[in-house]
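Taken from Swiss-Prot as is:
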- S68: active site, nucleophile (ACT_SITE)
- D217: active site, proton acceptor (ACT_SITE)
- 24-230: domain 'PNPLA' (DOMAIN)
- 28-33: motif 'GXGXXG' (MOTIF)
- 66-70: motif 'GXSXG' (MOTIF)
Amino acid sequence: MASASSPEGASSSSPEKVKMVTVLSIDGGGVRGIIPATILAFLEKELQKLDGPDARIADYFDVVAGTSTGGLLTAMLTAPNENNRPLFAADELAKFYIEHSPSIFPQKNWVLSKIAGTLRMVSGPKYDGKYLHSLLREKLGDTRLDKALTNVVIPTFDIANLQPTIFSKFELKYKPLKNALLSDISISTSAAPTFFPAHYFETKDDNGQTREFNLVDGGVAANNPTLCAMSQVSKYIILEDKEDCDFFPVKPTEYGKFMVISIGCGSNHDQKYKAKDAAKWGIFNWLIKGSSAPIIDMFTSASADMVDIHLGVLFSALQCEKNYLRIQYDQLTGSAGSIDDCSKENMDNLVKIGEMLLDKNVSRVDLETGHYVDVAGEGTNRDQLAKFAKQLSDERRRRQNEPSN
């Protein structure tokens, strides 16, 4: 969290100033990133109403976390420009997707494209990723993780070690070899198996030591990175010296002192598979079934939903549900549920879904059915985001006005 007029990031807050840890988390979901982009544009406008036109998302959150397309949004919101301010304003994000997605996910004739895409997925990734790679390198340049304007957490999965690799600004003091280019991190977290190629790169520290990374989409490990972000904060609090820790005296178990906004890219819980049908599937059907990839749909939905369920129970048990706002739409149908349908019609529809989601009632996941149900008396997501914006603004002003010791 930083002043809109200051180049300093969240880590500049002194220990006595932090009473609430503010977290923004963005799920993965391909071109459906237009949905959270639309919601974030509204949130930033609310912050600008309170603090002026220069206010940016990165000024208000101690941690911004994102997986896959959420990782791209995270990098765009927190990477510095030549004035050490966020590279993108939130209202530019959806426009960025609409402009570049057709080149990231190139599709020609629909029928021929579907056949060709299926054939490519049998022998290699559906897309070569060249446009995405060049675009990210152009936009993010040589900016490394340590230059992000606030603390950033972006999950990936290392296929050489078969374990998650989390790029966290919190860890750089102890793990300098993770200080990778934001472009490499963004390419890696969005390298969805069967859609984009795995990404390899190396880093080198000041002592000449190197580390190799063999990475794929962070959604394999944590498609909803909220819990990952909160865990990084807790680990930081435990490891850091009290006089250096930005979040002291927040105790690692005091989740009631977290203020969390978690935004999904939408899902389709109505598209179910039957055991009788799946029992007959071979490798091909698990990877490609109609316009979807069942195995990928399952692990990304499972990882995201498990986090949502866990956090719902946690904040409820601590009687601080109002500190956790999850915005997700689980009734996507047709092309809207695709991660790579970048037709103008579908992208325009995703913008409308994001706007519609703002006016839907606040909802929480039902632990029995897995569906989202309205929460009585909480109003709409638009109402809650406006309230959160006021709290974020108040917390930022309090930190700015409280004298340092």
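Quick reminder: no glycine exception, Cβ is built from N, Cα and C everywhere.
Counting every protein chain shown, the Cβ of S68 (active site, nucleophile) has 33 other Cβ atoms within 10 Å.
Across the motif 'GXGXXG' (28-33), DSSP helix (H, G, I), strand (E, B) and coil residues number 4 helix, 0 strand, 2 coil. Here the CA atom of S68 (active site, nucleophile) lies 6 Å from the CA atom of D217 (active site, proton acceptor).
For D217 (active site, proton acceptor), the count of additional Cβ atoms within 10 Å of its Cβ stands at 29 [all protein chains shown].
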